[in-house]
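Database features (TrEMBL):
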type	residues	note
TRANSMEM	17-40	transmembrane segment
TRANSMEM	101-124	transmembrane segment
TRANSMEM	130-152	transmembrane segment
TRANSMEM	223-242	transmembrane segment
TRANSMEM	254-278	transmembrane segment
TRANSMEM	324-344	transmembrane segment
TRANSMEM	420-443	transmembrane segment
TRANSMEM	477-498	transmembrane segment
Amino acid sequence: MAINKPPATTNSDNERIVIGSAIASRLLLLFLIVFWRFLLSPYDTSASLNPPCLINPSSLPLSQQPVLFPQIGSAIESSIVWDGVYFVRIAQCGYEYEKSYAFLPLLPFCISLLSHTVLLPLVPVIGHRAVLGLSGYLINNIAFVLAARYLFRLSLVILKDAEAAMRASVLFCFNPASIFYSSLYTESLYSLFSLGGLYHLMSGRRSVSALWLALSGCARSNGVLNAGYICFLTMHWAYDALFLKKCIRKGLQVLISGALNCVFIFAPFIGFQAYGYYNICSGRIPEEMRPWCKARVPLLYNFVQSHYWGVGFLKYFRFKQLPNFLLASPILSLAFFSILHYGMSKTKLLFSVGFQPMDDDRNSAAMLYFPERVSRSSTPHTTSSSGLQGNQNLRRRKKIIGQDPAELPVEDKPSNGSGYFSALVLPFILHLGFMAATAFFIMHVQVATRFLSASPPLYWFASYITVSPDRFKRWGYIIWAYSIAYILLGSLLFSNFYPFT
């Protein structure tokens, strides 16, 4: 009796698992938020206060309309807590106060756009501010599902291991900062455009990636750090052109293109600073100007973070902040050990910033950051008797490189240089290291949980140790327990206006 071989699992199947996990995690968060709000009373009940706009009176007619279901509107408005109050206020009234410039414009713009178009008919039903809040919730939850999808596709490109990519993406779906991805915060939009931009960059679509990464800088200020990925690749591409190929013209083209892409990524943040300067400083006499207006480089964002939130180098190193350091210790420890583990396995590669010589004296840039060269170099040199098989392997590898990752069978993943210790992971490790150091030494340290939650190496490393033998596998269970505990704790505290990261 013939035994039918089960069909090969494709990456499309794994992608559907990731998308299903992302949707399930958002439904879980919604249930937990409603459950905790039903059981407990909010610590701060001022979230629903909404004084008239100062600089955008056109929003008054909408806010003063009679409401058909005021209780539903009130329930949505009372769920707008912490930074969500600022984002909704900016979407409704614009940038009224100096401190509101700490919140970048992408999320308020999207909220305002959706509430004045698709969800506009709901204004007389639940009220204008409730529609603004509902718009934000829809945007962020949809963006999160798409971000999980892009993390899976990026992981396929970098790790070249469909199972590891799926595990990492599912871990992201239930990450310890999950409450912020379902709230009126910028984590979802930042993750979507950051991970999407990196996927396009690593897939060879550089112009598209620059646009996506620029949008990540419109969501969060640390989005401009994504320009570092382009700088890293540009450095290697330029080295390849100038020193290996001896082609000065090609090298200059690479450098100019990389510089323009980096400027494009920085442009939205710089434009936002110029917008703030125009609104607050322009047209005022020196005596009326704020201190930052008179600075040689007038950066509004840095001033607001320092003046209103006390952000600065070592400013948070106080004994009374010890509980916040403990709250951030799990994510910082995970970041530290993921970097340490990679560094111990790839010490020369890490300290040479990817310029470690290969066995054949060729620079790693030529071998690792040009996928078509990996394909050619990994094709076995065969004799005439096996030439047909070698040609088939070459055509198969070329097909894999040019094909959408989601359409590849699991068996078609390349075996060389795959997994967490691939040299392709290096720029992500460098980026994570800088972000972790910034969170520890400069920021309010408890914010590290959500600040680092969109860093792919955290999930790649966690995915790696969950299938490692012996003691490392036990740490995989601990990571899952940590994520679940923070999901429960975060949904309890944050949704009821108690402090959480």
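Cβ atoms here come from the backbone N, Cα and C positions, even for glycine.
Since this is a predicted model, take the numbers as computed values, not measurements.
With a cut-off of 8 Å on Cβ pairs spaced 6 or more residues apart, the transmembrane segment (17-40) and the transmembrane segment (477-498) reach 3 or more such pairs and are scored as touching. With a threshold of 8 Å between CB atoms, the same-chain residues lying at least 6 positions outside the transmembrane segment (324-344) that come near it are 176, 316, 350, 420-421, 425, 429, 432-433, 435-436, 439-440, 444-449, 452-453, 455, 457-458, 460-462, 479, 482, 486, 501. Same-chain neighbours of the transmembrane segment (254-278): 95, 101, 104-105, 206-207, 209-211, 213-215, 217-218, 221, 223-224, 226-227, 230-231, 233-234, 237-238, 241, 293, 298-301, counting only residues six or more beyond its ends whose CB sits under 8 Å from a CB of the stretch. The stretch in closest packing with the transmembrane segment (223-242), judged by the count of Cβ pairs under 8 Å and taken from 101-124, 130-152, 420-443, is 420-443.
With a threshold of 8 Å between CB atoms, the same-chain residues lying at least 6 positions outside the transmembrane segment (130-152) that come near it are 14-15, 18-19, 21-23, 26, 72-74, 76-77, 79-80, 84, 87-88, 91-92, 107, 110-112, 114-115, 119-120, 122-123, 165-166, 168-169, 172-173, 181-185, 187-189, 191-192, 195-196, 199, 454, 456, 459.
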